[in-house]
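Below is one structure, written out as structure tokens, with a few remarks after it.
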Amino acid sequence: MSQQGYVAAPPYSQAQAGMGGYSAGFGNPPPQSMGPIPTGEYWFNVMMALLKSQLSVIIIFIFFALVSFPPPVASAPSMSPYGQPPQSAFYSMAQAPPPTQQLTNQMSAMNIGGYGKLDGQRPMQVPQSPSSSAAPQQYHTSPPPAMGHPPLSPPGQQLSSFGSPPPMATMGSVAAPPMGMSGPPGPGSPISGPYGAFPGGFPGGPAQMAGPPQKKLDPDSIPSTTHVIEDDQAKRGGQVYVTNIRGQVPPLVTTDFTVQDQGNASPRFMRCTTYSFPSTADLAKQCKVPLAAIIKPFATVPKNETPLYIVNHGETGPIRCNRCKAYMCPYMQFMDGGRRYQCGFCSCVNEVPVQYFQHLDHMGRRMDLYERPELSLGSYEFIATLDYCKNNKPPNPPAYIFMIDVSYNNIKSGLVKLICEELKTLLDRLPKEEGAETSPIKVGFVTYNKILHFYNVKSALAQPQMMVVSDVAEMFVPLLDGFLVNFQESRAVVNNLLDQIPDMFADTNESETVFAPVIQAGVEALKAAECSGKLFIFHSSIPTAEAPGKLKNRDDRKLVGTEKEKTLFQPLRGVYEQLTKDCVAQGCCVDLFLFPNQYVDIATVGDVPSHTGGSIYKYSNFQVHQNIDLRRDVEKSIGFDAIMRVRTGTGFRATDFFGAVYMNNTTDVEMAAVDCDKAVTVEFKHDDTLSEESGAVMQCALLYTTIGGQRRLRIHNLSLNCSSQLSELYKSCETDALINFFAKSAYRAMLNQPLKTVREILVNQTAHMLACYRKNCASPSAASQLILPDAMKVFPVYMNSLLKTPTLVGSTELSTDDRVFHRLLVNAMGVEETQVLLYPRLIPLHTMDVSSDAIPAPVRCSEERLSESGIFLLENGLSMFLWLGQACPPDLIQNLFNVPSLGHLSSEGV
């Protein structure tokens, strides 16, 4: 094995005050706050916390509290939330301590959950060693031969090794020297519990041990996430990534590259936690690395790449395996002169239909191999036959229904007027089929407070007509003809309505609202029209009016930090559970735009969107000059009434699914809609030994309705290597995909387990993975050195950031709604979104060359990188914040903001 090495500074035997739970804390006390945070800017709190937590440098400030976690308490598993398969994945993470107890002790010294500050740093040398990788196997239609497996490293070969740092945030490839860990166990030893030995900031930890004082550390010697990103961009950026090699690791999600599909799906559609699966279940259990794929079936394809080909087999439909029902793909092996083929998934031999027959060449390949996308490409689409349609009838084009809360606060704030003005500009931009001039999507409009108002906007009318439904307990749609219309035909009437709505309710005093009946009305409207669609709901307060789905304020901050804290994240069932089932059955997706000034119980009102493939947007204390995400939400590509199944080769299977999906059984992933932003994370488990020769293959098949009303099957295929060598597995890991899996699995587990248990399981899982690597893949080294695989050298940075996300922090200073909102967001994210969310980009704008379009390279996301004379842009994919140093040059302020100095700026004017 060959890995790039990073060696820590010489070990020292005594911890600095504050490490491992020592009461003094690190170094100096934190500085005073820079001033009050603008009300409602929740992401500013989060991102400043990430900054101050020093994701890549060992400098940590107290932000919420100095947290130290006691051992977890075993809790009885509760029932799985509806629409999800039984809970199993996260419990498997809580195992006995790793065989290398030394590593667990090192992890204890990291104090992953704590906050403090290390007041000194020490320069460290970073030796470089060449890296090598096993020769990849070229892809072809027959099962590829086995990969070569290099032996373990000889004693003289260097690995990524370094001493154990105090907080997990500091772990890169060089870290702080270890604590003294020799001698009998005492108060500083990790405390054992039902989940094994849990490292963390326990009282009386390793800091109690004696020895000389710790020396300083040079933060620039610690491998940083920004350097890893820059190195990958330098090596693989601008290149063509060809997918004809089985098990090759793609460029990072942050790298700019072009994909050429030659038999495996683009990494834009599918990414894996590792691209070399362990060959046996015992090996998988030993390494503790989760085996998962993050699938984004509708990912956006750049304009410089070929869009998916559409295959039409006519009335006979797609060719499928008779046994496992896998669709025709490059992994099928043709034989007997082309008259039969062997399935690449279940090995069943099938007859080739007469109309699909083709002779084979001297290599055993079909003569039309490169003329058929399903035989030569990793991703493509089939036109589905009526057998794939409901009731064997072709579907109608979908509809968009806009439902606006017109209660007192929304009218007085100007929000209703803003939404109506925005809609007038957006309805011309509804998504349409490629090459079509107009969109086939129909639109409808509803306003509501305690009652619902439906509008007839038929093109023949001179003025829109309102119809009121006050009996919200028995919701129905009062009109069919004229409610859902083609915008191009009814443009004048629709624009007239949007002009009138703010004036119609200008004198309202009604402040109570309903919510569940609003969704029910949308479902009933789509049922009546016999189509699928999306509801755009603009809501601002907790639904307290007497109606089905009425909610009470259950935001009890006293539960934070207790066994019952998990109840704050659990949605209320009953009405909303049934609504979810109705929405999925009808193909009704719900997008929720929230504008709250106080608690609205996002856990419950956001439950339907989070199970129907919908999105949730939250704008606390909204001001009318702010922008909302409506434009992109309306325009983005989308499929409706979708059902997805992931098929695998023999030896392993998909066992768990994470995302904005509904699970009615253990195999079918149902989504009322799926758009270009939604990703599903799929976990795999062994059920037999995998062949190193044939590898591991998987196929994602998505059946959906296009915006034009056509039923299609979108297919994504991916082949991975299998190995009996753990070194191959670790070398093929992808950190960004791993942290996506851990985030989603932890966010599901917190619905049934105490937060402290979830956090400790994450820490323990990290220790297990590193211990296995050290024991099985690393050459002998000093016990004081922590050794990481090169592919995972910044994984602890992301893990530390995950542990500091608002959902897992468990602070009373964060609102429950904010924490739930963050949880629901991450649940539907793909790899690129979680990467930047957990490690925001900090861009020094003052270094920008105004004569160039190039954006300055991001620097480490660290408070230390901020300079008093600089201007920095901080962004995490959701929000952007501009940081201005007190000593910014006046001419720079003048040029940017047209004011003479920093003192003349206000947050509203920026």
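Keep in mind that glycine also has a Cβ here, set from the backbone N, Cα and C atoms.
Predicted automatically and left uncurated, TrEMBL annotations should be read as such.
As annotated by TrEMBL, compositional bias 'Low complexity' applies to 123-138 (among others).
Summarising the annotation, TrEMBL assigns compositional bias 'Pro residues' to 142-154.
Annotation comment: TrEMBL describes 205-214 (among others) as compositional bias 'Low complexity'.
The annotation domain 'Zinc finger Sec23/Sec24-type' is assigned in TrEMBL to 318-356. Long-range contacts of the domain 'Zinc finger Sec23/Sec24-type' (318-356) within the same chain: residues 139, 141-143, 263, 311, 364-366, 374-378, 382, 384, 647-650, 694, 697, 699, 701, 713, 715, 717, 719, each at least 6 residues beyond the stretch ends and with a Cβ under 8 Å from a Cβ of the stretch.
Taken from TrEMBL, the feature domain 'Sec23/Sec24 trunk' covers 395-636.
Per-class residue totals from DSSP over the domain 'Sec23/Sec24 beta-sandwich' (639-723), listed helix then strand then coil: 0 helix, 56 strand, 29 coil. Annotated domain 'Sec23/Sec24 beta-sandwich' per TrEMBL: 639-723, in sequence order.
Taken as a whole, the domain 'Sec23/Sec24 helical' (735-834) shows an average pLDDT of 91 in this prediction. Annotation source TrEMBL lists domain 'Sec23/Sec24 helical' at 735-834.
The feature domain 'Gelsolin-like' is assigned by TrEMBL to 856-903. Across the domain 'Gelsolin-like' (856-903), DSSP helix (H, G, I), strand (E, B) and coil residues number 13 helix, 11 strand, 24 coil.
Per TrEMBL, region 'Disordered' is recorded for 111-219.
Under the heading transmembrane segment, TrEMBL lists 42-69.
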Tally of DSSP helical, extended and coil residues in the domain 'Sec23/Sec24 helical' (735-834): 70 helix, 4 strand, 26 coil
